[in-house]
Structure formats: structure tokens, C-alpha cells
Amino acid sequence: MFSEKTPHESNGMLPSWKRYILQTTQSWRWPNYFPTSRQVNGPDYVALLPESSRTSSDVELGYLKPTSRRIRNPTLDKIHTALLTIFGLLWAAIRPNILTKKEKRELHQSAWLDGIRGVAAFFVFFSHAAEIRWNDLRHGWKHGGYFLQWPIIRVFYEGSSMVSVFFVVSGFAISYKALKLAKAQEHGKIFDTLVSSTFRRGIRLYLPCAAITLLRAITNYIRGTKGAAPTFWIMLWRWVKVVVSGVNPLRLDKWYFNGSFRQLERVMWTIPVEFRGSMVVFLCILVVAKARHAQRMAAIAALIAWSCCVGEWDIVLFVSGTFLCELHHRTSSNSGSNGGDTSFLWRFLSASASILLLLPLLYVLSQPESYWGNGDTPISGWLDAHTPAAWVENKMEAGNFWHCIAAVILIFLVDHSPVLQRFFMSPIPQYLGEISFSLYLLHPWLIDLVGRKIVFFMFRRMKELGPGIGPEYLGAILCLILFLPLLFWVSDISTRWFDRGGVRLARWAEDRFYSVNARS
């Protein structure tokens, strides 16, 4: 009479996306907030007495119980299915990456670059989080100061030096494929690679910036923060002007390197610099691609030397990344031909040397920004006094001469150290690298929106524990426990939609643009 099959069980003809949602959700248990069927009494009875002892009055006396059947309500069933579908799509959109079952992916040779980028972005977050309550940590260490102000230790929140590391990593990464083709003398493919990279770079960098600054503008308007627009349309118009001005790579200066984006998100001053450095790298590779290895190295080194002499610190960092990439391709081919088997003693000595060489680099990278002072930290004052004259005029703390030198040597060291590469290719640095761009762009907004409230709430409670450094450290740890899951989750969502969305949009636009030209 009534089919026992539900729409969930007969979904063979459904579209693939809906079939996926139904297969995912059909095993879930949902609260019965509304019935999707009604109960109907049928003519059959379930016997509560043996058949031999039944009488005609047994039904009236309640010894025979009527059975019940359910007739599905088509309208409510459609509503139920629609709600499940909407919920499934919403969950797929905001589900943390850690809850998604993924196949183990093969790491590429230069995956350690992603790990370095991720760790550096995380340290930049710490540098801005410290400003909420712990600005004293920004000063150089003095006798009687905090443990966290010690050299090397303070590299965890020295954000300006991490920007230098970012730029060297970027120069290395965007040069990798083109220089590999140059080494193989595949000059036609080099041109195609550079055309594609140049076309997509702006979309790849600026689309996440536009989306995140829009989020910032909307939340500022809703919260009524200082300087917020009086109406929604004025807010939207101001955002449009910020984006249009911010994507202009020709409007740069020595102080903020295009202050437009800084009106909404202060860390985004680096994005026009990133775009400019990328264009210089692509042009440099285009010029030297047909040359032999020695000529390429000499030409790139000459550009680095010239940029260093005139104080163009960002160009020094990007082109140094290109130089290290060229060196990487040269040494990797030599090491491959010589074999990779080494004794345990050699591996131990190599790892020990890597750690010993890493320590002075971390010492220099942890040098405080000049605004906060060096304190009693040894060597930092000497380094400041011996900064080249062309670099003294760099008013950006990220343009510190010694930070830049240490950042370049750091990438060189990791490139030639298997033990350091293994660390940066481990799961945590790789996850941070996967979300690094969104983590870098989003964290100031989240700190202002949620982080400050968590800190103020937590330390009102910490006062009840009395004075001392113990409650201070405990409060900081509890704040991180509460805030970091939110930071990673939002960065994960942003990576999925804004970062990868920018990559997909750039690829789509490139395909459409060049396919049209090909037909014409």
C-alpha cells in the first residue's frame, strides 16, 4: 500500500552535489522539531492474547491493539530535505580543515618554504598580540627585565624581521619554476611561465585584500568605531577608494609603502611591496633566462649589489631570493649526481653545525626595532652604528639592514640543512604555511574584534589571584587557548574562499583572456 522507501534512499537520479549532501547527512540523528508524517490507524491488529482465547469483545476491552502506519507529508518532507541541504552546504563552507579527511599529499622539494612562511606569519601575529597588554616586551632587554625580552627568545614576536623573511621566501618561490626551465634551456616555456605569473600575480595578491578590508569596513561600521562612516553607502564608497588606490603599485613611498590599505588594515602595506618585488623578479628572469648559469648568477648579484647601495631593501630581499633559487638548482643537480648516502657521524655533525649557525641568525633577527631601543642587549648597538648610510634613511622597520642580511642567510642555511628542512616540512609548520596568507591578513582584524575583549576579560579575573608574574603568564596562556582556535578557523575559511578563490579566479581569467586572443 505505502512505499517504505524514503527520498534519501532513492537518490540515484539526484545531481551529484545533492547526492553528496544526502549521503553525508542521512546517518545523522536530527531532533524531531516537526513531523514529516502523520499516524493512521489501519485495519490490522496486533494480538496481545493467543488466537484460541480471543472473543468478539476483546477489541473493545483493549486486548487487541490497533497497528499504526505513517503517511509522509510531501511538503514537510521537502522542507526537511531543503534544511538538511542548506545545513550541509553551510557546514561544508565553514568546516575547519582539521575535520576534513584528506589523502596524505606528497610534499614537493621546496615545501620547506611554505613552512618558513607559516612560522613567520605566526610570529607576526604574536608581535601584534603583544601590543594589547605587553608593550614593554617590545623594548630591548635590560638588566632585571623579562625573560621574554632576551635575545633569540624575542624573535617569536619580532614582526618586522619576519617581513624580511617573507620577501626572501617570495623571491625564491616565484623564481623556482622559471629558473628550473632556464637550467633545462626550455626558453619557450620560460616565456609562457612568466606571462602566466605576471598576469595572475595581481589578482592572487589583491583579491583577498579587497575581501578582508570589506569585512573590516563593515564591522567598523556596525560597531561604530572611531572614524567609522556615518552611513552604509559612505562606508562602501570609502572602501572602494581604498581598494582602487591600494592596488596602484606605482604609488609607493619610503614610509608606509602606499598608505591606502593601512586605513583599514595596517599589515597590508606589504602587499604593494610584494607586487612590486614580484614584477622586478619576473623582469630580471626574463632578461637573464637565455644566459648561461655563471652569467645569470653574475647579473643577479650585480642587481642585488646596486639595490643594496641605493638602499632599496625590498628589491634586495626579492632578488636575493631569486639568487638563492638559482644557486639551489645548481647545487641540487650536483648533490643528485654525487649521491645522498652519508654516514651517521656526518649527519650528526651537519645537524649540529646547522643549529650552531642558526643561533646567531636568530640573535640578529631578534634585534628590537629602533623605536623601542636596544636596551642592554650586546651587539645590537654596534649593528645600529654600522648600518650603511643609504639604509639609515629607510624609515620602515622592516627595512633594517641587518635583519635583511640575516633573513637572506637564514634561507640559504635552511636550503642546505636537511635537519632544518625536516622541521619546516613537519605537519604544524606546513599547516601554518597553508593558511599563512590569510593568517597574516586577518589577525589584526580578529584581534580588534575579539582578541582585546578576551584579554581584558581574562585579566580582570587574574587580578583575583594577586600580583606577580605567575598570574600574568597564566592569563596570557589562557588567552591564547581561547583565541588561537578562532584565529586558525577563520584563517582556514579565508584560505578556502578568498586565497584559493583568488587563485581560481586568476586562472579562469587567464584562460579566458588568452583563449580569446588565440582565436583572434
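Note: Cβ is positioned from N, Cα and C throughout, glycine not excepted.
Since we're looking at a predicted model, the values are computed, not measured.
Among the features that TrEMBL reports, transmembrane segment is placed at 79-95 (among others).
The domain 'Acyltransferase 3' annotation in TrEMBL covers 111-488.
Tertiary proximity for the transmembrane segment (115-134) is limited to same-chain residues at least six positions away from its ends with a CB under 8 Å from its CB atoms, namely 155-160, 162-163, 165-166, 169, 267, 411, 414, 423-426, 429-437, 439-440, 443-444, 447, 451-452, 455, 459, 476, 483, 487. Feature annotation from TrEMBL assigns transmembrane segment to 115-134 (among others).
The feature transmembrane segment is assigned by TrEMBL to 155-176 (among others).
Panel annotation: around the transmembrane segment (203-222), residues 228-229, 232, 235-236, 238-239, 242-243, 246-247, 261, 264-265, 268, 271, 274-275, 278, 437-438, 441-442, 445, 449, 494, 497-499, 501-503, 505-506, 509 of the same chain, lying at least six beyond its termini, place a Cβ under 8 Å from a Cβ of the stretch. As annotated by TrEMBL, transmembrane segment applies to 203-222 (among others).
Annotation comment: TrEMBL describes 267-288 (among others) as transmembrane segment.
Here TrEMBL flags 300-324 (among others) as transmembrane segment.
Annotated transmembrane segment per TrEMBL: 344-365 (among others), in sequence order.
The feature transmembrane segment is assigned by TrEMBL to 401-419 (among others). Sequence-distant contacts of the transmembrane segment (401-419) (same chain, at least 6 residues past either end, Cβ-Cβ under 8 Å): 112, 116, 160-161, 164-165, 167-169, 172, 313, 316-317, 320-321, 324, 327-328, 331, 347, 350-351, 354-355, 357-358, 361, 364-365, 367, 383, 387-388, 391, 394.
The transmembrane segment feature in TrEMBL is assigned to 472-490 (among others).
Confidence over the domain 'Acyltransferase 3' (111-488), given as mean pLDDT on the 0 to 100 scale, stands at 87.
Each of 267-288, 300-324, 344-365, 472-490 was scored by its Cβ pairs under 8 Å to the transmembrane segment (155-176), and the highest score goes to 300-324.
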